[in-house]
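Visitor: I am attaching a structure below and will ask some questions about it afterwards.
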Amino acid sequence: MGNADEKTTFDEKPLRNSSEDAQRLEDAGRRMSTADELTALSGIEDTAASKAAWLITITISLGNFLFVLVTLGASLGHELSSSEQEMVTSLTSGGALVGAIFAGLIADKFGRRWPIWCACAVFVIRTVLQTAAHSVAQFAVGRFIVGLGVGSAAMIVPLYIGEIAPAKYRGRMIAFSNCSVTFGQFIASAIGAGLAQVKGEGWRGTVGIGAAPAIALAVMLLWCPESPRQLVAHGQTDRAEEVFLKIYPTSTHEQRQAKKTAIEMSIHEATSSMAGESLWSTFRRIFTTPATARAVAVACITMAISQLGGFNTLMYYSAKLFAIVGFSNATAVAITVSATNFIFSIVNLALVDKFGRRILMIIGLLGMTITLSIAAVSFQFIPIDLKTLEVQSDTVGWPGTLVLVCIILYVGFYSSGVATIAWIGTELIPMEVRALGTMLNTVTCWSTNIIIASTFLSMMKGLTPTGAFGFYTGIYFVGWLFIIFCYPDVKGMPLEAIREVFRHGFGVRYSKQWRKENKHTPKVVQQHFGH
Ligand SMILES: O[C@H]1[C@H](O)[C@@H](O)[C@H](O)[C@@H](O)[C@H]1O
């Protein structure tokens with residue numbers, strides 16, 4: 001990582017035949033019609049990525065971890081009633097929605113790091129408020145504020161990492177940031193049970209200490225460079241070059257120049273100046289440029305599928321759900337769910353750049369459809385009182401066990417597929433609208449999340465558990481069809497090249513073709529540059 005003011009000086013390696021190479025590149029630039037071709041020709045994506053890129057990713061991901069972890073926190077020293085619990089959950093999600101909008105609005109003007117600093121500040125304020133809270137109202141305000149931090153971090157972290165990451169590591173780097181979410185959820189569920197045991201005022205200390213990591217993150221962020229794409233978009237090409245050198249340390253000066261030119265070309269294909277454009281024109285651009293609209297729609301619909309299928313009801317209500325099917329130690333079962341979620345998010349990390357986004361989602365959504373439909377049918381055989389949602393039996397029979405097994409398998413399919421890839425969707429959105437598009441993606445996440453969280457229990461009562469789970473199964477089935485027909489796989493593509501994908505409808509075939517043709521990029525580079 002660099003120093004705090006980003007003015008690091010680098011020892012440039014002497015370049016072989018540099019003037020000759022530069023001339024060739026310039027000629028190439030003239031011959032190249034698209035940013036995609038220029039990036040491929042430069043070969044920068046085939047040079048080794050640095051440890052710095054990973055260090056930056058880890059630091060930024062810490063934001064996700066922290067903010068997820070705190071959604072747990074204390075409970076005013078007494079057990080919250082179910083309506084208080086619902087209110088607190090919705091307030092956090094509502095805050096997250098507002099936080100994501102705020103981050104989306106400032107990310108282009110002030111850069112990708114400011115929303116994270118704001119989230120850290122918000123987090124410290126919340127800590128003070130919540131530590132001093134004596135009423136549910138004060139506590140609720142604290143929760144809303146923490147939601148602002150959660151939403152802001154959730155929106156900016158994948159966007160920022162996606163722009164820093166070398167193309168061939170982009171999927172796993174964004175997946176890493178989602179692992180920090182699932183790890184946070186796992187830790188939260190594990191210590192949640194413990195915290196509930198803390199009597200009296202003991203919880204205030206626990207919440208108070210929570211401010212320290214946010215301050216640490218704010219300081220560490222000073223060492224992370226601004227997104228090079230953002231720097232190019234604002235005409236700060238020298239600083240962008242420094243960042244590229246950090247990310248691709250073995251690249252040549254010409255390769256970095258080509259990367260910058262490719263980003264400029266890509267942006268200029270859409271707008272003459274990003275810096276001079278109003279938020280409103282950028283927003284309109286999303287809906288008035290068909291290729292851009294398709295890109296944003298695919299990202300948002302994928303996110304909606306990941307949420308509307310009801311996964312987070314497991315995060316919020318799994319103890320309740322497992323009590324319904326007859327497990328007395330429901331908290332332990334709930335921890336198993338969050339542990340599975342965490343482990344399979346690592347599986348996604350390991351596979352997403354190797355096999356691509358599409359196949360993981362296609363297998364995952366099919367697996368989720370099958371496992372949830374079996375769970376839905378199994379519920380039929382469990383004697384549940386629909387008024388109280390309580391099981392009328394003392395033992396867990398085979399249907400209860402089957403529901404548990406199906407749910408664990410379902411979580412594995414979810415987490416290794418659509419859950420993480422919905423966040424990787426930021427890569428589909430072209431640069432000039434990426435901040436606002438990613439904001440819409442995050443807004444889709446929280447709004448659908450609120451819908452599901454606030455309707456789950458009434459759906460279980462009104463539609464019966466079989467009906468509710470049947471409904472979620474339907475969502476996943478439709479989602480599965482959507483991914484098959486409309487989701488292009490852009491694994492390994494430089495961000496600048498992705499714009500072209502959506503010029504060909506949803507680009508499913510185009511992206512396949514692109515990968516076939518670009519398997520051997522190094523050869524192309526060798527031919528043109530002789531290295
Ligand atoms: O990995 C997932 C993912 O990040 C989802 O978007 C979120 O809703 C889940 O809670 C989480 O476990």
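Even glycines carry a Cβ here, placed using N, Cα and C.
Taken from TrEMBL, the feature domain 'Major facilitator superfamily (MFS) profile' applies to 47-491. Annotation source TrEMBL lists region 'Disordered' at 1-31. For 52-76, 88-107, 114-133, 139-161, 173-196, 202-224, 291-309, 321-347, 359-382, 402-424, 436-457, 469-487, the entry in TrEMBL reads transmembrane segment.
For the listed features, I'd like the structural context: burial, neighbours, distances.
Guide: Through the fold, the transmembrane segment (88-107) approaches residues 71, 80, 114-115, 118-119, 122, 139-140, 143-156, 159, 279, 316, 435-436, 438-440, 442-443, 445-447, 449-450, 453-454 of its own chain, all at least 6 residues removed from its boundaries and within a Cβ separation under 8 Å.
Listed by sequence, the residues of this chain that lie at least six past the ends of the transmembrane segment (436-457) yet keep a Cβ under 8 A from its Cβ atoms are 86, 89-90, 93-94, 96-97, 100-101, 103-105, 107-108, 151, 154-156, 158-159, 279, 282-283, 286, 292, 295-296, 299-300, 303-304, 306-308, 310, 312-313, 316-317, 320, 389, 422, 425-426, 429-430, 468.
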Visitor: Considering only Cβ pairs under 8 Å, which range in 114-133, 139-161, 291-309, 359-382 makes the most contacts with the transmembrane segment (321-347)?
Guide: 359-382
Visitor: Is the count of Cβ pairs under 8 Å between the transmembrane segment (359-382) and the transmembrane segment (469-487), pairs 6 or more apart in sequence, 3 or more?
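Guide: Stretch pair touches.
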Visitor: With Cβ distances under 8 Å as the criterion, find the stretch in 114-133, 139-161, 402-424, 469-487 that has the most pairs with the transmembrane segment (291-309).
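Guide: Most Cβ pairs under 8 Å with the transmembrane segment (291-309) come from 469-487.
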